[in-house]
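Undergrad: Below is one structure. I have some questions about it.
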């Protein structure tokens, strides 16, 4: 039999699917037993000697229902070869679900060729399997060509529809017409959507609130689009709807289908369908004159639209009653009220009241078909309050022109002010001077007449750009008192009242003028302005005659001239005072005789003064220079001698004996004795070297000049000093000098500049305490030995030894 076309397998698959569906619908078991599939093999020789040709079979797909309850393993099909009667055949299957993951979903009896499914199948996990069946002999040799087995999992309605979102949000404008699209909801069913198991249908279960009707919306059962079904959406009544939507499979069959629900929240959006309405047809307020940026009236409005949205925000306009633009209306962003504000000062004398017509509208245009309310227009009456206004100067600043130099007492002008309060009682204005920098002016208190009190000078530092400025005050007698200021600017016309002054005052020139050497360029300065300043005329006076004989002036320009020596005239180096007469161009002109100091000096080839020439020109002759040099030499010699004397003095000090130089004696200075240190116990010094030895035998044994009296005695110390056998020096000074001489001649003594510490007395000092010499002694001590210590201890010996005071 020839191979079948691919459409045959498709037709067979569709036939099986139809039968399965029909079985589910009729709830009848599948009538057909498991089919038997034969391998196409080589035929045996017929009795007539003909040979059978091998042919391939197209195996119809095997359909297995998902979620089968078994029992398992459940036989699906039998596979056998037509050679199984001649030889032993072994059967096997390969592919996904057999020997590939997921393994062992299907197996086959290798001897009988029966194929089984071992567990329930899930179409949503895998909808089909492709296996291959094999037939081999006992030696593993292929007996038949492998055949393809297609196993399809038949869908069952085991999945509910699932919404993508549990809550859906949508919106629709209020006043929308029926059929207006609102939002879309969708659900997904995992079952086969080509069958009724996966076909989902939608419906609305409930709507909250029910106003104005309980079915304001409908849903397309197949697409899930929600649209309006009735008019009457009004945000001001219902701003939000909550709808419960149900999705059911089995094409919406509530008896057999599975269902699920979701919530759709529909917000009714605002449109400008409510015009703003003023709460009153008339409003009133009052404003003080000359005040700005103050609120004089408050307009209130109501609007049912969404607050703080363009449909609610109010815009106020003045359509009449304010031609000059004195007022504007600003909207309060919180309350939406209109605040009538003054932006331009009002004058009570010009307008005592204003009658404004105000209209209010929204920021957004009204919706189509909505008419503006009559309550959107109102009248506003603004009363103007009269206040005492300050006097003002009609011309401010006021400009006048006068020549400088006018005498004191001259009347310049009348600077009067006006009072804007013309409708009140006539008020009196008084004038006073507020600022007069040079104190040149005075003002009449009652009529404002300006009179000079000093000569006006254009060249004064108080005049800027020929203008002198003064400020005056005008004050009324109202309640409260008000005042205004006015500025008077006086333009001072220049007159020729300043003589020119020569510039420069000093210069230098070469003693021998040549044709190639220029003189001194001079000019003049004049505080006046044109035409009373330059051009200037420069002249040399006729007296003394030597001026014109030695000097000459030549004109360079209208403001400059050159002063120089006459040709072949020689002057000694020095400073010469040359008088020059300068005249300005005033009418009549003013002149000034000025002195220029010209330093005449020798010059080099470039026309510059030499150093020696500059000194000579300063007025110092050769003798004076020599005298200065001699003085300098004498001063240096004195400094040198002083240094040598200091060095010699220092050297002499270093060669002196150890005793203090009389000039360095500090006994008359203030010495500090209140730092006692740590006491005798805290020091580790042997101060016995400073004590008078009790025995002088070891000293007497030394040769003369080597004997020392500061050596510590070897004998045990007694409680009180013992009178030495040898006569003691009569004076403590002699004692010190003798000890010093012995120390200098003793080769074993330390250097005289070694560190010596004298403030340690020791714990058992043989000096004893001064307190032992008090007057309460019992008399068992003999102090007569103090008489032998010299005249400085005689007084102490008389006090304690019983001697007679001198």
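Each residue, glycine too, has its Cβ placed from N, Cα and C.
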Undergrad: If you check TrEMBL, which stretch out of 601-623, 624-646, 647-669 is marked transmembrane segment?
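TA: Of 601-623, 624-646, 647-669, TrEMBL gives transmembrane segment for 624-646.
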Undergrad: Run through the domain 'Cadherin' (394-502) and tell me, per DSSP, how many residues are helix, strand and coil.
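TA: Secondary-structure composition of the domain 'Cadherin' (394-502): 0 helix, 47 strand, 62 coil.
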Undergrad: Could you give me the DSSP helix, strand and coil counts for the domain 'Cadherin' (164-278)?
TA: 6 helix, 50 strand, 59 coil
Undergrad: Provide the three-state DSSP residue tally for the domain 'Cadherin' (279-393): helix first, then strand, then coil.
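TA: Each residue of the domain 'Cadherin' (279-393) counted once, the result is 3 helix, 51 strand, 61 coil.
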Undergrad: Would you mind splitting the domain 'Cadherin' (56-163) into helix, strand and coil residue counts from DSSP?
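TA: Computed counts for the domain 'Cadherin' (56-163) are 0 helix, 50 strand, 58 coil.
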Undergrad: Could you tell me the mean pLDDT over the domain 'Cadherin' (501-612), as a whole number?
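TA: Here the mean pLDDT over the domain 'Cadherin' (501-612) amounts to 80.
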